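As written in Swiss-Prot, here are the features:
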type     : residues      : note
BINDING  : His83, His182 : heme b b562 binding site
BINDING  : His97, His196 : heme b b566 binding site
BINDING  : His201        : ubiquinone binding site
TRANSMEM : 33-53         : transmembrane segment
TRANSMEM : 77-98         : transmembrane segment
TRANSMEM : 113-133       : transmembrane segment
TRANSMEM : 178-198       : transmembrane segment
TRANSMEM : 226-246       : transmembrane segment
TRANSMEM : 288-308       : transmembrane segment
TRANSMEM : 320-340       : transmembrane segment
TRANSMEM : 347-367       : transmembrane segment
Amino acid sequence: MTNIRKNHPLIKIMNSSFIDLPAPSNISSWWNFGSLLGACLALQIITGLFLAMHYTADTTTAFSSVTHICRDVNYGWVIRYLHANGASMFFLCLFIHVGRGLYYGSFVLSETWNIGIILLFTVMATAFMGYVLPWGQMSFWGATVITNLLSAIPYIGTNLVEWIWGGFSVDKATLTRFFAFHFILPFIITALVMVHLLFLHETGSNNPLGIPSNPDKIPFHPYYTIKDLLGLILLILPLMTLVFFSPDLLGDPDNYTPANPLSTPPHIKPEWYFLFAYAILRSIPNKLGGVLALIFSILILAIIPLLQTAKQQSMMFRPLSQCLFWILVADLFTLTWIGGQPVEHPFITIGQAASILYFSLILIAMPTVSLMENKMLKW
């Protein structure tokens, strides 16, 4: 068995990635989220495949086909709610995974980090297009509002929006192409994940201390396979609780009304995992400025390695930086809350303050505090 594992051309790749992989001996539970993201991706592809067997990408039948899945298909409601709530779990793991990278300085592994940012953008695009497919009120108006943002691009904006729509409004052509993209993107994500892992295994994993772990490595299996399995069980528990007890908790009631282009919902908002970016978009009165802030709110992650001024890679022994990190987390919670509120006083002001704080923390406060900590440690 060992000979096959180590000599077979295909199995030896698996062996060097998941069995005999040398891993740091001190990586904590925050490192579990990579494998949990892999599990979420597998769940989304499998449930999505079964949903695609029954779904019809047509404006007249899309809404009723989703109803048909929930009512007439064997365990269709379980598949549908696993897919919808699985997306929420996916993003929860994704945000924690990125947060861990920030906290422990994993962004110094620049290739892995940059592929991760591309993955984040791709997953967000996939989730947005998936939200349009049930063709409820929020699906239709969400698609209209978000795609319309591209019209802010000078000169080519309007033409670009109509090209994406496939007409002069969100209609059948838009739904069909969104379904096609929503189907293909998870496979592109899987390919990107492989590249992500390839670069990670080139350098080896980071660890909580942020120091080289070459002198102290342990095999990935059985130690971290068991640890990842425990993480998976702890992820399945809340997911199943959501699916079986409160499947619509994270959804919008407006999406149970079929799409009607003649009736605008009182408050258009995306799913919870986009609310922080949506709040940043809304906090700027100018359309182009809002779109740029929205894109930069994610793209800012790409310049974090350039803003690293600390002599220590990890924040583990940098209490001031830790304090700023948790202020950033609280700020993101505030932005998420604001994104779900109507555009009125005092929410507008809170949103603007939270948006300014978000960019100030990353661009100014964190690099400055890191320099202060270097001085305190006489480095």
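Glycine is treated like the rest: Cβ placed from N, Cα and C.
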Cβ-Cβ neighbours of His196 (heme b b566 binding site) (radius 10 Å): 21
Recorded stretches the transmembrane segment (288-308) and the transmembrane segment (347-367) touching, at least 3 CB pairs under 8 Å: yes
Result, the transmembrane segment (347-367) in contact with the transmembrane segment (320-340) (3+ CB pairs under 8 Å): yes
Touch test for the transmembrane segment (178-198) and the transmembrane segment (347-367), at least 3 Cβ pairs under 8 Å: no
All-chain count of other Cβ atoms within 10 Å of the residue listed as 'ubiquinone binding site': 14
Residues of the parent chain within Cβ reach of the transmembrane segment (33-53), under 8 Å, 6 or more residues beyond its termini: 69, 79-80, 82-83, 86-87, 89-90, 93-94, 96-97, 100, 182-183, 186-187, 189-190, 193, 228, 231-232, 235
When distances run from the Cα of the residue listed as 'ubiquinone binding site' to each of the binding-site residues His83, His97, His182, the nearest one: His97
Long-range Cβ environment of His182 (heme b b562 binding site), under 8 Å and at least 6 residues apart: Gly48, Thr126, Met129, Gly130, Leu133
Cα-Cα distance linking His83 (heme b b562 binding site) and His196 (heme b b566 binding site), given in Å to the nearest integer: 24
Other C-beta atoms that fall within 10 angstroms of the C-beta of His97 (heme b b566 binding site): 20
Same chain, 6+ residues apart, C-beta under 8 Å of the C-beta of His83 (heme b b562 binding site), given in sequence order: Gln44, Thr47, Gly48, Leu51
